[in-house]
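K.L.:
The following feature annotations were taken from TrEMBL:
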type     : residues : note
TRANSMEM : 33-56    : transmembrane segment
TRANSMEM : 89-122   : transmembrane segment
DOMAIN   : 93-305   : domain 'ABC transmembrane type-1'
TRANSMEM : 134-157  : transmembrane segment
TRANSMEM : 169-187  : transmembrane segment
TRANSMEM : 217-238  : transmembrane segment
TRANSMEM : 282-304  : transmembrane segment
C-alpha cells in the first residue's frame, strides 16, 4: 500500500515537472515571438516615414531641376497656373504664418488661463469633469471647424470689420486657435501640476497670494513645459488643412493684412492634388516642393518641442 502511494506521488511530481516544462517552453516561445512582433509593428512607422521622405525628396528633385532653389525661396510671386508661371514660395509661407500667428494669439492666453484654473484653482472633481471636456474640442473634425469659420465666424466679424472679405485669414486663424487651445491647456496644466507642492506651499507660507504664487513660482518653474506645449500647438496649426481650405481662400500674396484672402502651404497642396495640374508638369511637381517645405517646418518644430519636453522631464 505504501509502495503504491509512493508510486502515485512520484508520478504526480513527474507529471507536474513535465507540465511545468511544457509551460516554460511555451512561455519562452511567446517571449521570443512577442518582441519580434512589436519590432515589426514599430518598424511600420519608420518605413512609412522613410517612404514619405523618399517620395517627397524624389519628386522635389524633379521640381528643382527646372526651378532654381534661389528663386523658389526669394521670389514674391506664386502663380503656378499662369502661362508664365512663377514659383516664389514666400506668399504661401506668409499666409501660413499669418494664420498660425492669429491662432496662437487666441490659443496661448485662453489655453494658459484654462491651465492655471485646472492646476491651481479647480477642485479634483471639477478637474475630472472639465479637462476631458476641454480635450474633447481637439477631437471635433476639422471640416466642422472650417464650415463654422466660414458660415458663423466670418459673418459675425464682418459686422465689426466692414472691409473684411468673405475669405480671409482672421476667421480660420481664430477657429484654429480654439482648436489648438486644448493642446496648450492640457500640456501646460501637466507642467504646472509637476511643480513641487512644497515649493508652492512655501510661497503661500511667505505671504504670497495664490495669483502671486502662480506668477512668481509656478510659471517660471513650468516654463519649459509650457513652451513645449506652445511650440507643439504651433506646429499643428502650421499643418492644419481643411479649415484654411474652406475659410481662407486661395489667393497667395505677400501681405500681413488678415482681412484679405490668403493661401497656405497646405491649401495649395490640396488645390493641386484635386487635379488642377496634369501629372508630370512643373506645377504638379511644385506640390511636392511645397510639401517638403511644410514637412521641414513641422519636423524642426517637433524636434524643438521634444527636446524642450525632455529637458523639462529631467528637471522634474
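Our numbering is plain: 1 for the first residue shown, then up by one each step along the chain.
The backbone N, Cα and C atoms fix where each Cβ goes, and this holds for glycine too.
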K.L.:
Below 8 Å between Cβ atoms, which of the listed ranges 33-56, 89-122, 169-187, 282-304 makes the most pairs with the transmembrane segment (217-238)?
P.N.:
89-122
K.L.:
Are the transmembrane segment (33-56) and the transmembrane segment (169-187) close, by which I mean at least 3 Cβ pairs under 8 Å that are 6+ residues apart in sequence?
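P.N.:
No; fewer than 3 Cβ pairs under 8 Å.
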